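Peer 1: Can you read through this structure? Questions will come right after.
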Amino acid sequence: MAAPATTTAAMRAALEAEWRTATREHAFLRDVNAGAISAARFNTWLAQDYLYARCFSRLLGAMIAGCPEAHLATYVGGMAAIDVELKWFQAKAQERGIDLAATEMQPACKEYTAFLSSLHAQPYSVQAAAFWAMEAVYNQAWSRVGEGLADERYREFVERWGNAGFDAYCVALAAHADEALAAAGPEERGAADGAVRRVVKLELGFWEMAYHGSA
């Protein structure tokens with residue numbers, strides 16, 4: 001069995017095919033890019049992503065509590081952005097007639113949020129690597145959606161997650177994860193490698209959920 005990757009770049013390279021599907025080739029991304037996604041499917045994704053983001057913020061809170069001092073400003077900035085984002089999700093849901101209070105988690109969302117909760121008990125190096133992967137996949141996926149976007153209704157989604165500021169944030173997250181991994185032992189590195197692989201699988205399942213769930 002090959003040794004686990006020890007940097008974020010190596011982790012991504014080891015998952016090239018899956019990463020490409022999650023960030024460029026999945027039907028959800030292609031359909032949003034082409035303006036071919038149905039309102040029902042997009043609403044399913046939007047409502048579930050709101051539920052996911054609430055749990056995501058709790059993981060970030062745990063990381064803020066335990067990260068090195070030098071990394072703190074990055075994560076605190078991320079928490080401020082999530083607070084704004086949750087309010088934005090609520091506004092978008094209202095515009096689209098989605099009752100978030102009545103929305104139940106779909107299985108893919110339940111699986112992903114359970115994984116987020118499990119990360120609270122993991123060492124910082126594992127958290128940092130997984131957190132980087134979550135944000136990097138999202139950033140790259142929405143950047144891809146913006147390439148030749150056919151339907152301007154989705155422009156604000158592209159601008160929220162595919163912008164230069166988010167690009168820079170993901171670069172900082174990768175640097176923090178790499179620093180933590182460099183100081184970690186083999187067991188932690190293996191756990192971090194496994195967590196990143198799990199993230200990519202869960203991201204694929206989350207896109208797929210739009211075609212099989214309901215808002």
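Placement of Cβ uses the backbone N, Cα and C atoms for every residue, glycine included.
In TrEMBL, annotation is done automatically, which means it is predicted and not curated.
Since this is a predicted model, take the numbers as computed values, not measurements.
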Peer 1: Of Glu16, Glu18, Glu85, Glu104, which one shares the substrate site with Asp49, Glu135 in TrEMBL?
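Peer 2: As annotated by TrEMBL, Asp49, Glu135 share the substrate site with Glu85, chosen from Glu16, Glu18, Glu85, Glu104.
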Peer 1: How long is the line from the C-alpha of Glu203 (active site, proton donor) to the C-alpha of Glu135 (substrate binding site), rounded to the nearest angstrom?
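Peer 2: Glu203 (active site, proton donor) and Glu135 (substrate binding site) have their Cα atoms 10 Å apart.
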Peer 1: Compute the centroid of the Cβ atoms of Asp49, Glu85, Glu135, then list the same-chain residues not in that set whose Cβ lies within 8 Å of it, in sequence order, for the substrate site.
Peer 2: Tyr52, Ala53, Phe56, Ile82, Tyr138, Trp161
Peer 1: Cβ distance under 8 Å to Glu85 (substrate binding site), same chain, sequence separation 6 or more: which residues?
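Peer 2: Set apart from Glu85 (substrate binding site) by at least 6 residues yet with Cβ under 8 Å, we have Ala53, Arg160.
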